[in-house]
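Asker: Sharing a structure, written as structure tokens. Questions coming.
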């Protein structure tokens, strides 16, 4: 019998989660926790700004005459590889991520990835030809997943349980901040009648990485990483400072430490800390399948068409003016940021499966409407249909953000236990970047070959995604990370951990009661 099963129940008996949710003091009234959250933004939560920046670097660059001229008016496969070099570099860099992340810690893994991205961005900005530009983007792609995997782990492992899902959901929402800056910069530099119209935005892509290099070492290390290295006193100091505002006698922190130590002990006993662990048990194989599919879904749900090839999509419905395309693109990115942040802020109010299924079915409805309107314009030159297509493109953002943007890293951190978290997110990144490479490379070829009919492919695939989510996705809301570590494992594991936590809290209460009685007797 498995402990978590599909985990479709609403409630939880987990003591840590219950204590955190019942905490009446909001995070902004806790000085230490507040300072950590504010520091998390520039150096960790902002990591995904690089991904958003990159999507608009390519999207906007294709609208700049100087970029087209410099690289020989790329189209078809050449256009695809110029954009797809980044995800290709990411796929190459993935195998070593767990080694660095679990050996040297989350912060040093972020530092390594950020430095690599800075080097790649510098080369990209000063590229002299197509091959150099492609190599530079590959270098950026190589470093990006190191920062993403380590950053998402660090957020989930540092955050107070009450705010953790919101923090991990905001991680992906920062994608749109980078996209807005890139789109806005390209809109401004399009007036420059030289190669600097595309070189300036290309060089600015290093800005998020510079923030990470400057600030990441001011953050504490993950207490779970410290416990895994037997640095128990350091781990407890981190939890005392940020989860108990310096109260070393906090029952909550004592319970957290017991839960983390007990869970990691069980995990390590059943793990060889290798890639083979991902296929060793039925529970891990299901996690592997979910992580792999989620990687595919986040990049093959039609979003790449809008993120990287919006200009081509707008041309299909008769909007060929570069100025209009750039303004429309910038407006779409601003709208997407609003949708992304809004979805992240409501993630605690709804169950994970509910959000995923609502989101994917809404995506399907939007794509069907968009495909229909595009076909009507192309076949009948229906101007109303063309304008409705503009609406459907904007309508896509709230549907995608509801599930894939808001929940992706929240869900991954909850599904994969500590011992395999870095490998699990790396697998997600592998399939995500592979799908991104495929989508970026194939989309211009597909739209060029069959026009609007290419959107029908996405309609069919999104329907398949909905079916797979319905049958495979477990419910994970309302539980602590340690409780979720045994989502698909025997109930004995979770019961053992819960008993250890309960005993620790009762022991603390007994000590306090004993001290109170002793003081009374003295009086």
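Each residue, glycine too, has its Cβ placed from N, Cα and C.
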Asker: Of the ranges 414-433, 434-453, 454-473, which one does TrEMBL flag as transmembrane segment?
Answerer: 454-473
Asker: Choose the correct range: of 390-412, 482-504, which one does TrEMBL annotate as transmembrane segment? Give that range.
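Answerer: Going through 390-412, 482-504 one by one, TrEMBL flags 390-412 as transmembrane segment.
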Asker: Please identify the range among 78-101, 222-245 that TrEMBL labels transmembrane segment.
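Answerer: Of the candidate stretches, TrEMBL labels 78-101 as transmembrane segment.
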Asker: Which range, 132-155, 252-275, does TrEMBL list as transmembrane segment?
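Answerer: Per TrEMBL, the stretch marked transmembrane segment is 132-155.
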Asker: Quick check: do the transmembrane segment (390-412) and the transmembrane segment (330-348) share at least 3 Cβ pairs under 8 Å, counting only pairs 6+ apart in sequence?
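Answerer: By the criterion, they touch.
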Asker: Who are the chain neighbours of the transmembrane segment (78-101) in space, where the CB to CB distance is under 8 Å and they lie at least 6 residues beyond its ends?
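Answerer: For the transmembrane segment (78-101), the sequence-distant neighbours (Cβ-Cβ under 8 Å, at least 6 residues beyond its ends) are 54, 58, 62, 71-72, 108-109, 112, 120, 130, 133-135, 137-146, 149-150, 153, 275, 308, 422-423, 426, 429-430, 432-434, 436-437, 440-445.
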Asker: Taking a Cβ cut-off under 8 Å, which residues six or more beyond the ends of the transmembrane segment (288-310) line up next to it in the same chain?
Answerer: 55-56, 58-59, 62, 83, 179, 278-279, 325, 328-329, 332, 360, 363, 367, 393, 396, 400, 404, 408, 411-412, 415-416, 424-425, 427-436, 438-440, 443-444, 447, 455, 458, 461-462, 465, 468-469, 472-474
